Amino acid sequence: MATRKIRYVSKPHKGFLQVCAEWQLITAISITTVIIALNISLPNLSNPSTQPLSTYQTRLPTIQYRNPIPKFIYLSYLNPVTGLYFKGNDDIYFVGFWVLVWLTVRKLSIDFIWIPIGSWLGLRQNSSKLIKFAQQGWALSYYSVFWVIGVKILSEYPDPIYSLNIRQYWIDHPRDSIPGLTKFYYLSQAAFWIQQIVALNLEKHRKDHYQMTAHHIVTCLLICASYAVNFTGLGLAIHATMDFSDILLYMAKMLNYLGGGWACDGMFSLFVLSWIVTRHYIFPKIIWSIYAELPSEMPWIWNPSQGYFFCTSYWVAFLVLLSLLEVLLIVWLWLILRIMWGVVIGKGADDERSDSDESELEVRQIQETGVEVEKKPLLINTPQLEALGKKISNS
């Protein structure tokens, strides 16, 4: 009374993205190592005393590196008089370098920090839950660190973000020169979101792959645009607002992969509350303030040489991108509330967006002569297999 099951495992053909995923760590480490080594071995390239002061792309004299190598590691356009940094095209070097840094740090932290932690906590080796746990651990690390940095920078403003005094973020416009920490935060955030788009397309696609891609692209556009036109204060406020609920989300997901329970449900409930407050109360208030208050308080001037980039087309573009982002957040809110309802009725906080944990194996039942057939439906029910089964059963 036995049924023998034979599993056929076909090795999938590796596509271009799979090959890139396997080589991303080696490539990223190699390039970053070469850039760092060149800067160490050629210190004169990055010595400020050997660099010329120039007003190219800036309204005041700043230190501009003549050689491209230092631009990858060091912030460009330092004003030696004020200690602040202007913005310009050379910032692209820094962003490109940090895309590679984030790809490297992400891979190393997942493989050598969070996977061992997940295994130590009881997750099975090479399981999809262990991989997802490690990915959420990396995200938790990043968002926790940069949320703290964002809050530190925002502490320079008179009122905290929850006071909803949105005017304070453009009252000194144009803020075309910013502290080094603010510039590092903004450029490394831009690099992180570009890295997110790359990583999203290297990993197995989830059910909300296209929504996530759209979200990351809109986020990159908003970061780059707000940086270029000197609205970094608003960008900082939005980032710090949203990062807090992301921290709670990743903690809840990690607890879920470890088995769920009351701790996971409690953390998920806190996440839902923070999501609604930050993304559907504070964030819409920021959008409304940009729509209703900013036009009457900002000078409608287009003078790039003095840092003024305010015109109708840019204002409308910002509103469209911010509104599109809010629409995506509302779609996710619906999914979040469905999961929350599962928590209320006792089903637990399971992520509906996750890809299947089942292995993609083709299982076929082969019935042997002299063995009574177990009456189970065939996965592939073809006429030939049915005829074979009847012949064996009647023999």
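Note that Cβ sites are derived from N, Cα and C of the backbone, with glycine treated the same way.
For 128-345, the entry in TrEMBL reads domain 'TLC'.
For 21-42 (among others), the entry in TrEMBL reads transmembrane segment.
Sequence annotations record features per position, and here TrEMBL assigns transmembrane segment to 92-117 (among others).
What TrEMBL lists as transmembrane segment is 214-237 (among others).
Sequence annotations record features per position, and here TrEMBL assigns transmembrane segment to 257-277 (among others). Among residues of the same chain six or more beyond the transmembrane segment (257-277), those with a C-beta under 8 A of the stretch's C-beta atoms are 118, 121-123, 129-130, 132-133, 136, 244-245, 248-249, 251, 333, 336-337, 339-340, 343, 348-349.
The transmembrane segment annotation in TrEMBL covers 314-337 (among others).
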Residues from the same chain, set at least six apart from the ends of the transmembrane segment (21-42), whose C-beta lies under 8 A from its own: 69-70, 72-73, 97, 100-101, 103-104, 107-108, 198, 202-203
Long-range neighbours of the transmembrane segment (92-117), counting only residues six or more past its ends (CB under 8 A): 24-25, 28-29, 31-32, 35, 68, 71-76, 130-131, 133-135, 137-138, 141, 187-188, 190-192, 194-195, 198-199
